[in-house]
Amino acid sequence: MAKMKIHELAKELGVDNNVIVNFLQSKGSEVKSYRNNIEEKEIDLVRGKFKGSVSSNEPKSIDNGKASRVEKPEKNNSVTAKADQTPSEPVVHKQRPMTAQGERKNMSEQNVTTGSTESEDNIQSVGDRKYQHTDRRPQGNNGEGPQTSTNSGDRRPQGQGSYGDRRPQGQNSGDRRPYNGDRPQGQNSGDRRPYNGDRPQGQNSGDRRPYNGDRPQGQGNYGDRRPQGQNSGDRRPYNGDRPQGQGNYGDRRPQGQGSYGDRRPNSGDRPQGQGNYGDRRPQGQGSYGDRRPQGQGSYGDRPQGQGSYGDRPQGQGSYGDRRPQGQGSYGDRRPQGQGSYGDRPQGQGSYGDRRPQGQGSYGDRPQGQGNYGDRRPGGQGSYGDRRPQGQGSYGDRPQGQGNFGDRRPQGQGGYGGRPQGQGSYGGRPQGQGGYAGRSQGQGSFGGFNKDFDKDKDSGYTRSFDKKRTDPKSGEKSSIKSDLANELTKEQRAAAFNDKSRDRDRNRDRGRNNVEDGNIKSAKGKKDPNRKGAFIMPKPQQSLEKQDEIKTVIIPEVLTIKELADKMKVVPSVVVKKLFLAGKMVSINSEITFEEAEEIALGYEIIAEKEVLVNKVEELLKEDDEDENLMVKRPPVVCVMGHVDHGKTSLLDAIREANVTSREAGGITQHIGAYTVEVNGEKITFLDTPGHEAFTSMRMRGAKSTDIAILVVAADDGVMPQTVEAISHAKAAGVQIIVAINKIDKPSANIERVKQELTEHELIAEDWGGDTIFVPVSAHTKEGIDQLLEMIILTAEMGELKANPDRMARGIVIEAELDKGRGTVATILVQKGTLHVGDNIVIGSTYGKVRAMMDDKGRRVKEATPSTPVEILGLNAVPNAGEIFMATENEKEARNIADAFISQGKERLLADTKAKLSLDGLFSQIQAGNIKELNLIVKADVQGSVEAVKQSLVKLSNEEVAVRIIHGGVGAINESDVMLASTSNAIIIGFNVRPDNMAREIAEREKVDLRLYRVIYSAIEDVEAAMKGMLDPTFEEKVMGHAEVRQVFKASGLGTIAGSYVLDGKIVRGCSARITREGTQIFEGALASLKRFKDDVKEVNTGYECGLVFEKFNDIQEYDLVELYMMVEVPR
């Protein structure tokens, strides 16, 4: 056996090329790709390995053959017996290369003269790899034989067809020249020159010239098996009768459109656009040659769809006319998937020409028109000659029309060749192959490729002496083309000339194809998609030429140098540009984002404002909890209200403890956290201060709780801090329960309290609202049980849940620095469980939990959700109200703390920058007369530090600004005193004492050190200190009025005004204003006051006196004198 290409063997066996290549390589063969030839020994080795996969579907194919045979065997009985023989004896074709060069030569004579099975056998043998009727595909082919008789030439998994392509939807036969002997059920032979014998049940022969016999049921012909009426495989339709659009040989569409050649209702009656031989359209219109949307056309030319062979209802095409709306033809295939002799995935291509645009023909046709021979741009044509009008005759073609063998180099396939996987006579992978496969799809039935198919990779090149040579294998075969015999010398010459013209046309088109980036190359070069092909990199010029839009991210304020660096330009260029625009700047000048954006646009750069990501928020962000892991937790209740309204006393009554007696001044100055058990249910209470100084504490309390109890005294009613507490609770989205306290007092008025709270949208339930009001008395413990029941009921309605099996997370209620224990933080666990030994981070502080104590001071090992505990082990005092998190390890805690610290530094730096701006500096210079009171605040707990700082800062006014230069937790120490001495500050200690060393230094350095236990006192003293710093203010005080009665002149004294005191009294050293007839003529000091000749200190009303004014002597009688003094006004 001769050599064979791997891909041909792969098609035969129905396996992937690479599988065989890999198999051979594993056996030590030197094959490199599926295009390599392999020896007979290797072929047998591969067949032995993969033969099982080929024969696996045989029964199915046989069944198909039989099934299609049983339908209606009553017509065309002349050849029934012979047709029945063929499928009943399936020929399993072992694939072998082209043998018996003379077999095909005499095939047509045998076909014409005899209808014997010998002819059938002849076709089968010729069909070895090149001319087989059936393409073997795993999808259940409807070939004549069983499925094992694979077509050695065409093997495409996608069912790209060739003459011998079989597809699940009705494949055709693989032989080009069908022996149209008797076939059951419309199987067509693949021979071009059909023996148009009778066929039962409308089977079509494969002959080009239609035998217009009747066909019932329109079953498809030779190679076409489609469920809905497939076509036969011969170009000339056997235009038998077909109902319901079953197609024939060439048309392969599931909807049964189109038949081989002529589709007319008269051709054999076909209702509703059933096609025939050549037309492949989804609607079934179309014809052999030209397909127009209206489907006119003819064997020659037919206007308006009138048929020649038979009439066509509107829209069925004819043999000759084909239009470019994607209708396929024998030759015309479009990307819309129209089928062809060999149907292909893109549907383009034809028997001969396959182009990406879907043109194609038996020979060559531009723009998708196709006919048997030459196809013209208009797509019209007839069986033989297709002209724009579609006239033509069967044989004669003037004007260079193509013939059976005219093929173009532009990747058009011949009988077989197709680029991109279209099938061929003996189909080749990726479209190679003509008669025996041509690379790049050139190939023809017997194309006159003497001058044009010179590509060394061409397949069997058909020349004028009708010999073909395979340059790869060296085999030669001289198979005479029956159709070529029919052509006269003149016709060949005309076709040859026409090919020359078309070649030029196609060259241009091919050039366009390359420019458009199409896969197919202009000269029919090798398929660029083949394995191992060199892929030319695409030019990147267009990308390079595009101006890339740059984007820079800039902050709110930046210097010109920073902007220039971000834009990657020289700073001096930016300065120069601004200078030319009239702006005097330097590279260190600061500009706003808007100005920077304008500058950047001048350089075609888009500026985007920098969005500061809050690292802290990102770190504190947490995922949603799984509902299945949630368990019920105790409610956290916050007691809020105005100072002295009885919040702590109410808690005492609930806890049956006495807390108030321990609070300085009887008012609460810390947040107290307690756990109370009521009827087996735990409730966590937070007691917040009611004094106005503790606003932030109340806010923290509201944020960390589920229910807020608003305590309002029945005798006092709604007070300022009550309103503030309502605001905090609403802002935190907390359910409010109003406890009206002190109802045991005689002056208690519950209804007035309800009315006042209505103004703040708290309406009692008995007034039609939804707020729970509970009258209680902390003193007599009246209403306490009812209040607790309401708390538990509200908590149940809220369905309070938390996941205890996770890392702990919560809020810091209070923090302090204990002399013996170090930093102590009171925290409320909100999620998870906190254990002793856990690493935690609170803002910028972190540490390991060394010990935990509950609200009663007992050591505990763990704290579950809604449990308040005190923890030890932090490296610094955290700020109250911050969130704490337990972490996996200390390193993670340290990283989070560092993020907090760095963010705090950035914020401080930004504040400092803002303060040091020129505008700020100028305003400070202007306000140089403002005095500052520097304070250092030390307190026992962090919450108190905040409260004192906020209260004192509020005291600032236009003349004296209170400045807290340091605030901290713990006792007053040496460093605090030194800082106060340096900055001339007053130290305020709240519930703390100075140590001995600090006290000595304070006395030595004369540092004012004030200690307080009640916040009221601290505020009052600071107010007094501020007043002492204020500049004194004076106002005018009128002493009395006098009238000048007589004027005296005295040497050495000047003019003396003898005056009478009208009211008040005149005192020495006062000032005077003199008015004459309503006009003030003098204002100045009184130089001398005498009564008669004696100097006196004062003169009362009704007495006379002498007045001398400084540097004023122009006094006249009856002038009015007003005397006043400037008196200091206390502040």
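Placed from the backbone N, Cα and C atoms, the Cβ positions cover glycine too.
Your range for region 'G2', going by Swiss-Prot and the list 666-670, 911-915, 966-970, 1031-1035, is 666-670. Of the listed segments 29-32, 741-744, 1097-1100, Swiss-Prot assigns region 'G4' to 741-744. In the three-state DSSP reading, GLY641 (GTP binding site) counts as strand. Within its own chain, the region 'G4' (741-744) is flanked in space by residues 641, 645-646, 649-650, 711-715, 750, 775-780, 782-783, which lie at least six positions past its ends and keep a Cβ under 8 Å from the stretch. Regional average pLDDT for the region 'G3' (687-690) in the model is 60. Helix, strand and coil residue tallies for the region 'G4' (741-744), in that order: 0 helix, 1 strand, 3 coil [DSSP]. When other Cβ atoms within 10 Å of the Cβ of ILE743 (GTP binding site) are tallied across all protein chains shown, the result is 21.
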